Amino acid sequence: MTNVTGTERVKRGMAEMQKGGVIMDVINAEQAKIAEEAGAVAVMALERVPADIRAAGGVSRMADPTIVEEVMGAVSIPVMAKCRIGHLVEARVLESLGVDYIDESEVLTPADEVYHLNKRDYTVPFVCGCRDIGEAARRIAEGASMLRTKGEPGTGNIVEAVRHMRQVNAEIRQVASLREDELMTYAKNTGAPYEVLLEIKRLGRLPVVNFAAGGVATPADAALMMQLGADGVFVGSGIFKSENPERFARAIVEATTHYEDYELIASLSKGLGNAMKGIEISTLLPEQRMQERGW
């Protein structure tokens, strides 16, 4: 790695390069190739997609490095991998493998209930989830180079991702309308670092990209999130838990790109087969709600 690799500017720039694209969860080289051929801008290598993690229960950890290396060897697009919240060693292991991004993810069982990782200590860029501007600003202050809505992973239900995207964007507008001398009180009330809020106010947006994630299951879901202001889309279980993964993958990529072309989205949605089985959020017990992990 060069001396400039790992700087905030470089890491944020790497994340910007994925803007407008779809990032797909994969569990092996075959799925990674399907994702790449469908037009994914990156893949997330893991042992089980969120729907299977949810169904299995128990403790979910970093993927076997063999799987990560297998995926890295199969595709030319960037490869991401997940570590547990606060797990210093899992993050270092993934960095040593040469992954392009690390997702400090609430999909896995948190390793630390007090501290997230100091992502500025790593040369590899990090992705983190958020539900509101407080969470977004705290992750940015820790060094996250890309954000995503938490949604409710593995449910095939878009409602929580919609809620989180609308919440963050509404709060960005609120911050932009505040006087600078009002920001400190807002920072206190939201737990958002003042310096990050100041940057958001001056830019009128988050200083890093914010993708949609957690519940995207159809081309229409992807287009909806783009219309709500997402910079791109993560699809976890929605591709390979569908009836026809290859067709769903291509359709979601196309819908993400052409999210205001309703005739095209209608065409893409015809004859796709069944989407992944969905879960109503109200049926989840509090301990089953992955979005509650992290702080």
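From the backbone N, Cα and C atoms, a Cβ is placed for every residue, glycine too.
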Field: Further binder of D-ribose 5-phosphate named by Swiss-Prot next to D25, G215, G236, S237, taken from the candidates G73, G154, G278, G294
entry: G154
Field: Residues that sit under 8 angstroms from K82 (active site, schiff-base intermediate with D-ribose 5-phosphate) by C-beta distance, when 6+ apart in the chain
entry: M44, L46, M62, A63, I102, D103, E104, S105, V107, L108
Query: Given the D-ribose 5-phosphate binding site residues D25, G154, G215, G236, S237 in the record, what is the largest Cα to Cα distance, rounded to whole Å?
result: 13
- prompt: In the structure shown, which of the binding-site residues G215, G236 has the fewest Cβ neighbours within 10 Å?
  reply: G236
Field: Cα-Cα distance linking R166 (D-glyceraldehyde 3-phosphate binding site) and G236 (D-ribose 5-phosphate binding site), given in Å to the nearest integer
entry: 20
Statement: For R166 (D-glyceraldehyde 3-phosphate binding site) and G215 (D-ribose 5-phosphate binding site), the CA-to-CA distance in whole Å is 15
Query: Long-range same-chain neighbours of D25 (D-ribose 5-phosphate binding site), Cβ under 8 Å, sequence gap at least 6?
result: V43, M44, L46, V49, P50, F234, V235, G236, S237, I239, F240
